[in-house]
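Enquirer: My questions all concern the structure below.
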Amino acid sequence: MAGVRNSEEIDINGASDDVFSPKPPESTEECQESCTFEAPDDSEVQERKLAGETQLPSTNDTAQNEINEELDDSKEYNTEEFENAEMLAKNPDDDEDLYMYEENANYEEEVQQVEHEECDDNREDRSRTSNASQLARNLKKRSIKWNSHLRSMSVQVSDSSLIEKAKTLAPLFSSGKHKGQAGRIGVFGGSIEFTGAPYFSSITALKVGADLSYVFTIKDAAVVIKSYSPELMVLPFLDDPDAINKIKPWLDRLHVALLGPGMGRADSTKQTFEAIICLCRSKNKPLIIDADGLFFVAQNPDILKDYPAPVILTPNKAEFARIVGDSNLEGPKVERAKPFLEKTGPSVTIFCKDAEDEIITLGNTIKLTGGGSGRRCGGQGDMLGGAMSTFLTWALEKNLPPAVACFAASKLTRDCNAQGFVKHGRSLVVTDMIQEIHSVFQENFELK
């Protein structure tokens, strides 16, 4: 029947006061025995709920609370305290030994904790070392893969004599030489929109081996370009009303003039460009024309007619079509360029930048294939123009044709691109390529 207790269980309502007033235990065993209590199980509580008894009688509540208090008190006698009590019973005056025992126990716990932490640190170190080793192996595999790819894609040239001639370009080092003998390059260009182009050309000319590099630009771009590098001499003359007279004394110092990087296409700039070419003609200065300079040449090809010194034009595929006046982008370039070269004369060489570079003179072509990476960086053409300026300076000193300088600049640029791509992949930019100039030059052009 619901609400009826088992006859073997304690009848709480009929229990005497002695049951609820236990004496303090005299020993551990008595404490454990006196604190034994059998609480109502869940099934009984459920039966009472079903019978409508929402709570135990008040007498039971009092008894239950008192017994719970006794149980809580007994729980304070944990295992460690029982052991300490036994030690004190045997040696009542040995409090110091007990204190040392507790200190030693705490010390051992701290040592174990430190050992666990060290083990965790060692596992983390081993994990980091393993990850680093795996990364190094992956990078090595990638490097081997790309080095193999680069060897199979090395620059090939249809005129093999250029390879050996290019190796002789670099001048010997000598304590008897003075600053400037290895090359003084002038870069004419830059605008508010394009300050990077003349910088890339000028710094490349220096890193290839020129002694001095000058940038002739507009006033508003001069400070910006100068801030890129303290090695460059920046002259804010291009937009000056008296630009030509200010440029003239500096022009006498230059071995080669590079015209066009970042110059812009304003009408006033075109007039200055043509005036500079006329001034260079009077000084027999070798020219390299790139970028916006090619745009002006396409509008007035006669400005280069019978030029008295070597001129190298460096168009890409679209610029080539513009300067030769041929909208057909296909067909042999040497044939398409023939009318233009007949008009300008034998001093002009066209270096057409494409997947396959091509060195074109009147009736002759030399093709360069391979190298590079497929990653085409903005400013790569400016880098090529700067390298070509220095190589052309050296080639003319050794009475070598401009084609040698074209080949050397092409190979250096393509190899810098390939070598930089191994390190940077898709994030490769032209400043990364410039950082590869030294190692590429050492391998291919340095005197051995």
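The backbone N, Cα and C atoms fix where each Cβ goes, glycine too.
From TrEMBL, for reference:
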REGION    1-74  region 'Disordered'
REGION    115-134  region 'Disordered'
DOMAIN    162-444  domain 'YjeF C-terminal'
BINDING   G262, N316, K317, A318, E319, F320, A321, R322, D382  (6S)-NADPHX binding site
BINDING   353-357, 372-381  ATP binding site
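For each feature listed, report its degree of burial, its nearest neighbours and the pertinent distances within the displayed model.
Expert: The 10 Å shell around the Cβ of D382 ((6S)-NADPHX binding site) contains 29 further Cβ atoms across the protein chains shown.
Within the same chain, the residues at least 6 positions away from G379 (ATP binding site) whose Cβ sits under 8 Å from its Cβ are G196, A197, F200, V429, V430, listed in sequence order. The secondary structure of G379 (ATP binding site), as reduced to three states from DSSP, is coil rather than helix or strand.
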Enquirer: Roughly how many Å lie between the Cα atoms of D357 (ATP binding site) and G262 ((6S)-NADPHX binding site), rounded to a whole value?
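Expert: Approximately 22 Å lies between the Cα of D357 (ATP binding site) and that of G262 ((6S)-NADPHX binding site).
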Enquirer: G262 ((6S)-NADPHX binding site) to G381 (ATP binding site): how many Å between their Cα atoms?
Expert: 11
Enquirer: For K317, K353, R375, listed as binding-site residues, tell me which one has the smallest number of other Cβ atoms within 10 Å.
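Expert: Among the binding-site residues K317, K353, R375, the lowest count of other Cβ atoms within 10 Å belongs to K317.
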Enquirer: Can you tell me which of the binding-site residues K353, A355, R375, C377 is spatially closest to E319 ((6S)-NADPHX binding site)? Compare CA atoms only.
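Expert: For E319 ((6S)-NADPHX binding site), the closest Cα among K353, A355, R375, C377 is found at K353.
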